[in-house]
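As written in TrEMBL, here are the features:
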type	residues	note
TRANSMEM	12-35	transmembrane segment
TRANSMEM	71-92	transmembrane segment
TRANSMEM	113-130	transmembrane segment
TRANSMEM	174-197	transmembrane segment
TRANSMEM	261-285	transmembrane segment
TRANSMEM	305-329	transmembrane segment
TRANSMEM	397-416	transmembrane segment
TRANSMEM	453-479	transmembrane segment
REGION	602-621	region 'Disordered'
COMPBIAS	611-620	compositional bias 'Polar residues'
DOMAIN	741-802	domain 'CBS'
Amino acid sequence: LPEQKAQRYEAVKWVLVFAIGVCTGLVGLFVDFFVRLFTQLKFRVVQSSVEECTEKGCLALSLLELLGFNLTFVFLASLLVLIQPVAAGSGIPEIKCYLNGVKVPGVVRLRTVVCKALGVLFSVAGGLFVGKEGPMIHSGAVVGAGLPQFQSISLRKIQFNFPYFRSDRDKRDFVSAGAAAGVAAAFGAPIGGTLFSLEEGSSFWNQGLTWKVLFCSMAATFTLNFFRSGIQFGSWGSFQLPGLLNFGEFKCSESDKKCHLWTAVDLGFFILMGIVGGLLGATFNCLNKRLAKYRMRNVHPKPKLVRVLEGLLVSLTTTVVVFIASMVLGECRQISSSSHSGNDTLSLQGMSEDVNSSIKTFFCPNETYNDMATLFFNPQESAILQLFHQDGTFSPVTLSLFFLLYFLLSCWTYGISVPSGLFVPSLLCGAAFGRLVANLLKSYIGLDHIYSGTFALIGAAAFLGGVVRMTISLTVILIESTNEITYGLPIMITLMVAKWTGDFFNKGIYDIHVNLRGVPLLEWETEVEMDKLRASDIMEPNLTYVYPHTRIQSLVSILRTTVHHAFPVVTENRGNEREFMKGNQLISNNIKFKKSSILTRAGEQRKRSQSMKSYPSSELRNMCDEHITTEEPPEKEDLLQQMLERRYTPYPNLYPDQSPSEEWTMEERFRPLTFHGLILRSQLVTLLVRGVCYSESQSSASQPRLSHAEMLEDYPRYPDIHDLDLTLLNPRMIVDVTPYMNPSPFAVSPNTHVSQVFNLFRTMGLRHLPVVNAVGEIVGIITRHNLTHEFLQARLRQHYQTI
């Protein structure tokens, strides 16, 4: 029953969405567990050796130990990227492209997610300035694409018969759910994840999807939360650790009545910080773009080993800088006494103990700590917590040096071939900037009501907003991570200001990397001046087409000599079709098909004239009656003939046998073609592989029929025309493509405005848009390439020149 079938389909969707959430949470758990394990191991060894060597003066040895750990880890990470190059970087640009409708090769394969998860684990443990949050989003997206398919190329042997979701649209829906789950697991922000999927990713969104995506994000967050709370605190079933990145609790101590998290006066400072954050972000993006271009020219063409060496060089530099800065440039600061007072509430004490436990006391006397080492010699998450919650002060010099070093090193690191996220380094960088501002305001301007943690948070938001230029999702992610709804307004204002300031100079970092790859991404809408162009100005008029009945040799030659993914199915208009009918089975089949479609048109016309009869007005009735009386059945042929013999001179020697060839004159190439439908390359190849054809002596009814499921069986890897064994095919056989084509695709008329074309293309998620004129002839076709910003700009310039 169709109703039961639909219900089952919906139920399967919900189960799968839940499964995607749980699996994404588990991937996050795996990465987090091992990063924690490796970093604790590394810091324990190095710290003990530093403390020994401080007495004996053998610091070079502890530096060598640290280098040994870091270089090994980074080497492993780069090796994993060599196996699957798409796993490099944060993966957000690739997922953005995928959700926009561009297939980046290999982006959602099982191999990619394995290399990504293991690689990010090693690159974070190896002390590079990268985060594990961006790759979480990519991993979630791969899980989303792979789970509903129940098959993988890497595991070809395992086959399930799972007939659902065999289409790109369903796959894209699940990928957006997976990406949202990735954000949710990384930041403990399910709503933020859903909004991220809406804002950054998806081009095509439907109402039912929102609810499923939110459910998926919740599943991811709480899976991760459940297991992490169980593993770390041993209290299974209590949910204490929401995301991989946790900002801790912002609140004033009970005793201090003057303390407020923020006041109206601070908003002014927040706006200024937003402007500075936007400028810093634009600088970061500009430097990173230069670097990426340099890498594309000088590193990528060289043998693969060079990329590994670059990764090792970055790791070496980072380690040495961190070590020397911690030893030489730090200052000894007083440990704040609040942790010893003991009258705080339990949760706050737990928090401050946590903050104080990660303090590093290298070379400092008792009761003081080394502020630079505290920031550099910790995992990035604890450094962020230090900046947000440490009551003790960090000296302005330390903060500025730390900010500068971190800014430059993380800019250099983003883009080397290891899996690397950008969120955490940006947050840490910005937090140092915010803390610096708070210090200066406190000590030099004497505003003592300031709560440093808030300023650190706003600084982090400003810098991150300046780099990635996300607004709504980032606001919600930060609010959810801090657990403090009162921060909504300042964060939102700061992010808006940072985005506007940055956009004045360049694009967000992800868009820059998408552009460098040359991916034809479609924006949300076109500019206003593009409306001077019409569909006929931007379409591709030089068409490659097939006929309703086509010989196999023509099909194979068309498929082998072009790279198009869809072909219009057309018939030609000729005056002397009667003579052709006699000669050739193939041509007469094509002409019959055209006549039948024109007959349905005549039938529609007749229906229309009959409906006019129902009007009371007598003149109308008379007109129609006269019209109907003249139209008697025997003359149907002639009526057709009149419709067909429209002002076209016959083209002699052109049979549909001949596929459109290079030697044709312009006149021959742009003959009037009646449009009947679109057929995809994958469908044509499937028909050829399965031998769907009939011979000239038979009727087309003898052609074998394929069901919908059989047509989709090879999804997503359709066979390639070049792998086809031509010896199995008789080139003179004929294929009837009419049962398999799409007879009613979206089409536009040649004088449609470009903005309308764009909106139709974008909201319906199309790939091919035929341009059909008033009498049903195809005059051109529009693909994604014809709607990219660069192409439209070029056409607009041409348009102005011709005027």
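Glycine is no exception: its Cβ is also placed from the backbone N, Cα and C atoms.
TrEMBL entries are annotated by machine, without manual review.
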Taking pairs 6 or more apart in sequence, does the count of Cβ pairs under 8 Å between the transmembrane segment (453-479) and the transmembrane segment (71-92) hit 3 or more?
no
Can you say which of 12-35, 113-130, 174-197, 397-416 has the most Cβ pairs under 8 Å with the transmembrane segment (71-92)?
113-130
Let me spell it out: take the transmembrane segment (113-130), skip the flanking residues so only those 6+ beyond its ends count, and list any with a Cβ under 8 Å from a Cβ in it.
27, 30-31, 34-35, 38-39, 42, 66, 69-74, 76-77, 80-81, 83-84, 87, 91, 138-139, 142-143, 146, 314-315, 318-319, 322, 380, 406, 409-410, 413-414, 418-422, 424-425
How about long-range neighbours of the transmembrane segment (261-285): same chain, 6 or more residues beyond its ends, C-beta under 8 Å?
250-252, 407, 411, 430, 433-434, 437, 441, 447, 449-451, 453-455, 458-459, 461-469, 484, 486-487, 489-490, 493-502, 504-509, 512
Within-chain partners of the transmembrane segment (12-35) [C-beta distance under 8 Å, separation at least 6 from its ends]:
113, 117, 120-121, 124-125, 132, 135-136, 139-140, 143-144, 147-148, 164-165, 174, 177-178, 181-182, 184-186, 212-213, 215-224, 227-228, 231, 244, 379
Given a Cβ distance threshold of under 8 angstroms, which distant residues of the chain, six or more beyond its ends, lie next to the transmembrane segment (305-329)?
59, 63, 66-67, 70-71, 74-75, 77-79, 81-82, 126-129, 295, 299, 360, 362-363, 370, 372-373, 376-377, 398, 401-402, 405, 409, 412-413, 416-418
Taking every residue in the domain 'CBS' (741-802), what is their average pLDDT?
87
Per-state residue totals over the domain 'CBS' (741-802) - DSSP helix, strand, coil:
29 helix, 15 strand, 18 coil
